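To keep things clear, I will list the structure first and then write my remarks on it.
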């Protein structure tokens, strides 16, 4: 989708206005303590811009976890986020115990100039997602009239709307698409994400390499299919490589992942690659394990030797890493989505680590390197490479859907310019 024609915060006049801003404060928590504040830090530039440019108030709304429309303040309250945000901004943050209704509307109607207000978890109301569960765990759907009322209440909390929650941009939830204000702008985090992906997908530097890992082919079919129209080269690694190798080389894969559904379209994908002149690199050797366990016995295998019965491939081997490194060396732009081994376990992390080192090297020579969120972003955090690549996406699902060529509802809902 073209992202260049949407209103962004830098073009929005906020002076004297109440800004209602959707952010992504869905942070990991342990015993009500925030374990990683990256998402809160990522929203600070947009909040500060509004305050520095004379906004009357900034009202922040977010979800946290999956309470499914049931208020669970003990488990999923955003109150700890207000404390963290106060220390990051160096100013008071007023926390409200709900996100809609007369009391919230009153608190946000005429606040002191320069106020920052954080609302309670949007997903304590089933009207945010449109569906959820009741207190006994039965599935429930929100009533259309109540969804309308929920959206109308959110719309009363500001004069202008800013969406900086890229991580939720693929969800057509009330706070993402249902706030009815004349001006709806993308915040700076949203803008950074969309700019990177727009550049990557609409006018890429070439040669353009996609590195696609992860487990199931079926989950990545749309991704592979869409990227085959855009890239010059593609590495297909991780668990899904075994489905390709079994179909194409009749390789013995032991008990490695095999995706019956995905297997049916491997040949179609390969013929599309050939038609488009895309060079595909698959792994040629593997680190194997006698069971899916961190402390499993390990072995080696190649495509030619096959993987023995009862064993499975959990990482690529050194020859594969060499081939991957050659592809990285040729590239001027790289998009990476999905690890190439079970990186969480030391014995099977080497392939992904070696590839990360190559991608970092490529970045330092001027290659544009984009890490699609999720597991690959976790790899960056694990090996401390977040500032050694061009861009690490904050949205796993959202970045995946952009790379699949889908329209993101949260972006679509912003004002056109």
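A Cβ is built for glycine as well, from the same backbone N, Cα and C atoms used for every other residue.
Under the heading phosphoserine, Swiss-Prot lists 2 (among others), citing similarity to another entry as support.
The N6-succinyllysine feature in Swiss-Prot is assigned to 6 (among others). Using a 10 Å Cβ-Cβ cutoff, residue 6 (N6-succinyllysine) registers 22 neighbours.
The (2R)-3-phosphoglycerate binding site annotation in Swiss-Prot covers 23, 24, 25, 26, 38, 39, 62, 63, 65, 66, 122, 123, 170, 171. Taking a C-beta cut-off of under 8 angstroms and a sequence separation of 6 or more, residue 62 ((2R)-3-phosphoglycerate binding site) has the following same-chain neighbours: 22, 23, 24, 25, 26, 78, 81, 118, 119, 121, 122, 165.
Counting only same-chain residues at least 6 apart in sequence, those with a Cβ under 8 Å from the Cβ of residue 48 (N6-acetyllysine) are 89. The N6-acetyllysine annotation in Swiss-Prot covers 48 (among others) and rests on similarity to another entry.
The Cβ of residue 76 (phosphotyrosine) has 20 neighbouring Cβ atoms from other residues within 10 Å, across all protein chains displayed. Positions annotated as phosphotyrosine by Swiss-Prot, on the basis of similarity to another entry: 76 (among others).
For 91 (among others), the entry in Swiss-Prot reads N6-acetyllysine. In the three-state DSSP classification, residue 91 (N6-acetyllysine) falls within coil.
What Swiss-Prot lists as N6-(2-hydroxyisobutyryl)lysine is 97 (among others), and the listing cites similarity to another entry. In the structure as shown, the Cβ atom of residue 97 (N6-(2-hydroxyisobutyryl)lysine) sits within 10 Å of 13 other Cβ atoms.
Marked as N6-acetyllysine by Swiss-Prot: 97 (among others).
For 131, the entry in Swiss-Prot reads N6-malonyllysine. Cβ neighbours of residue 131 (N6-malonyllysine) (same chain, under 8 Å, six or more residues apart in sequence): 69, 139, 140, 141, 142.
Following the DSSP three-state reduction, the secondary structure of residue 131 (N6-malonyllysine) is strand. The annotation N6-acetyllysine is assigned in Swiss-Prot to 131 (among others).
The Cβ of residue 146 (N6-acetyllysine) has 12 other Cβ atoms within 10 Å, all protein chains considered. The feature N6-acetyllysine is assigned by Swiss-Prot to 146 (among others), with similarity to another entry given as support.
The annotation phosphotyrosine is assigned in Swiss-Prot to 196 (among others). In the three-state DSSP scheme, residue 196 (phosphotyrosine) falls into the helix class.
Residues within less than 8 Å, Cβ to Cβ, of residue 203 (phosphoserine) and separated from it by at least 6 positions along the same chain comprise none. According to Swiss-Prot, the feature phosphoserine maps to 203 (among others).
Residues or ranges marked as ADP binding site in Swiss-Prot (evidence: similarity to another entry): 214, 238, 343. The Cβ of residue 214 (ADP binding site) lies under 8 Å from the Cβ of 220, 238, 239, 240, 337, 338, 339, 375, each of these being in the same chain and 6 or more residues away along the sequence.
Residues or ranges marked as CDP binding site by Swiss-Prot on the basis of similarity to another entry: 214, 219, 238, 338, 340, 343. Taking all protein chains in view, 15 other C-beta atoms sit within 10 angstroms of the C-beta of residue 219 (CDP binding site). Reduced to three states, the DSSP call for residue 219 (CDP binding site) is helix.
Swiss-Prot lists 215, 220, 239, 313, 344, 375, 376 with the feature ATP binding site, giving similarity to another entry as the kind of evidence. According to its DSSP assignment, residue 375 (ATP binding site) is helical.
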Quick check for the class: what is the C-alpha distance, in angstrom and rounded, between residue 196 (phosphotyrosine) and residue 376 (ATP binding site)?
17
Express the distance between the Cα positions of residue 340 (CDP binding site) and residue 215 (ATP binding site) as a whole number of Å.
9
Find the longest CA to CA distance in the recorded ADP-binding set 214, 238, 343; express it in Å as a whole number.
11
For residue 219 (CDP binding site) and residue 376 (ATP binding site), the CA-to-CA distance in whole Å is 16
